[in-house]
Structure formats: structure tokens, C-alpha cells
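The transmembrane segment feature in TrEMBL is assigned to 20-47, 97-118, 138-156, 198-221, 233-251, 271-290. According to TrEMBL, the domain 'G-protein coupled receptors family 1 profile' annotation covers 39-288.
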Amino acid sequence: MGNQSTVARFILKSFSDDPTVNAVCTGCLLVTYAFGVLANIAVITVITKDGHLHTPMYFFLKSLSFLDVCYTSVTMPKAIVNAILGSQEISFLECAVQLYSFFTLAATECFLLMTMAYDRCMAIYRPLVYGVTMSRKLCWELVSTAWICGALYSIFHAINTFSLPFCGPNVIDHFFCDIPPVMRLSCADYHTNEEVSFIYTSCIILGACVLTLLSYLLIISTIAKIQQVQGRWKAFSTCSSHLTTVLLFYGTGSSLYLRPTSDYSPIQARLAAVFYSIITPTLNPLIYCLRNKEMKVALEKVFLQLQRRKV
């Protein structure tokens with residue numbers, strides 16, 4: 001890849017071209033990023049310490065929180081530091097690594113959400129065999145498979161993007177190395193690579209989305225058969241938080257990556273990226289904590305323990 005390129009460094013743009021707006025955005029996103037990291041670490045800590053939460057559902061939630069910390073940390077620290085210091089350079093290799101890491105984590109989150117949907121489906125659709133089926137070993141295997149699939153998925157995107165020749169200009173119209181803005185800097189015809197990338201992404205991500213939706217169709221059909229209203233609400237409440245997370249993730253991500261390449265807009269891309277790369281991962285722990293009684297109780301216990309230690 002390096003032999004084909006004469007560009008040694010790229011220049012990343014900030015969150016906004018307007019200095020005042022960029023300063024405000026940088027401050028807001030710095031606070032959001034810090035809050036999101038702390039919130040996800042809090043979820044991991046609470047689930048690890050509370051023995052009552054050592055179940056498959058919370059194991060996957062802990063994995064999701066860890067993934068979200070990594071996901072936001074791939075792009076936001078570099079973008080925030082660049083915006084504060086005014087140094088917007090990124091090396092060719094660093095750009096390639098960032099793009100690969102970002103899509104690895106994004107795809108892994110997609111596969112992990114599919115796994116979590118399967119877990120909820122088994123808990124509601126096959127409750128009698130759920131405890132035996134969702135063993136600790138299987139949970140680790142499912143999470144590991146999600147990470148492996150994510151890493152393999154992004155290899156194609158990295159090769160497909162950086163196999164193009166880059167001879168200048170080198171200004172990426174984005175605050176991190178993303179596929180569309182990087183491809184548009186190629187001094188060769190990039191349209192075929194862009195279309196192949198779109199088709200590949202559509203097949204893989206939509207496939208995972210379809211499997212997730214099938215799990216929820218089984219969940220909804222099972223809940224509909226429950227005669228008592230209280231029983232229906234109790235069953236639905238166990239998966240409502242996850243469903244909200246799925247809708248946020250696919251709703252923000254698909255607005256950019258599952259749309260025709262001819263409709264690409266740099267401004268819309270930056271706005272969409274803020275939502276799916278930092279806002280959604282930050283909201284995930286809030287969604288699970290505010291809508292889950294067990295998480296609320298566990299958080300209160302940990303908070304009281306910390307207070308007692310201080311006293």
C-alpha cells in the first residue's frame with residue numbers, strides 16, 4: 001500500500017470550518033466523551049462486582065460497554081487534541097490503522113448486538129432450556145466470534161481503500177479517517193472501489209440486522225401469546241433497553257453507510273459520525289441503567305460502598 005502512494009501525511013479537518021462553532025463543538029464533545037467513558041467503565045465495574053449480575057445478559061452488556069469505550073477512543077481523542085492544538089496532521093500509516101480499527105469496532109458492535117438479541121430471544125422464546133444453552137463457555141465463544149468477525153470484516157475495507165494511489169491533495173474532509181472522504185483523495189478513479197465497499201457493507205450489516213430483527217419477531221410473537229398484561233410487560237422490559245440500543249445504532253450508522261455513494265455530503269457525514277461514534281455509545285449505559293431496576297440497585301450498592309470507604 002505504501003509503494004503505491006506518494007502521500008506521506010494527511011490533514012484532518014476539525015468538527016466545523018467555523019472557528020467559534022469548532023471551539024464549542026470541541027468543548028461539548030470532550031465533556032461527552034469523558035462522560036461516556038466513565039459511564040461505560042461504571043457499568044463494567046458494577047457488573048463485575050455484583051454477583052447477582054453474573055448472568056449472560058449482563059455479561060454481554062459488560063462486553064458492549066468495553067467495546068463502546070474502545071469504539072469512541074479510536075477517533076475522539078485524536079480529533080479533540082487536533083482541534084485544541086491546531087495540529088491536524090495524521091500519518092498515512094496512522095490513518096490506515098485508525099480506519100481499520102474504527103470499522104473493526106463498529107462491525108464488532110453490530111455482531112455483538114445481534115448476539116444480545118439472540119440471548120434475549122432464547123430467554124423469552126425458550127426459557128426452559130435457556131440456563132443450559134447459554135452457558136458461560138458459549139457466551140465467551142459468541143463474544144469472541146463477534147470480535148473475530150469484526151476484524152475480518154474491516155480487512156477488506158482497509159485494503160479496498162488504501163490500495164488506491166494517493167498523489168495529492170491530502171486534506172480529508174472529516175475529523176477522522178473514514179472511507180468516503182479518504183477515497184475521494186485518490187488520484188485514480190475510486191468509484192468502483194466505493195461501490196464495491198457499499199455492496200459489501202450492505203450485505204454484511206444488513207444480514208446482521210435481519211438476524212437481529214428475526215430474533216425480535218420471535219420475541220414479539222412469544223410475548224403476544226402471554227395472556228396476563230403484567231407478564232407481557234415483564235417479558236418485554238427485559239429486552240426493551242437492547243431494542244433501543246439497536247435502533248440508535250442502526251438508525252445513525254445506516255444514514256451514512258447504507259445510502260447511495262452519489263448522495264455523500266461531507267457536512268452530513270461529520271454530523272452523522274458525531275452521533276454514531278460518540279453520542280450513541282455514550283447513551284448506551286444510560287439506557288440500560290435508567291430502564292433496568294437490577295442495574296439501578298447494583299449502582300446504588302456500589303455508590304454506598306464508596307461512600308462508606310470515604311467515611
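Each residue, glycine too, has its Cβ placed from N, Cα and C.
Taking Cβ pairs closer than 8 Å, the transmembrane segment (138-156) reaches residues 56, 59-60, 63, 99-112, 114-115, 118, 200, 204 in its own chain, all 6 or more past its ends. Per-residue pLDDT, averaged over the domain 'G-protein coupled receptors family 1 profile' (39-288), rounds to 87.
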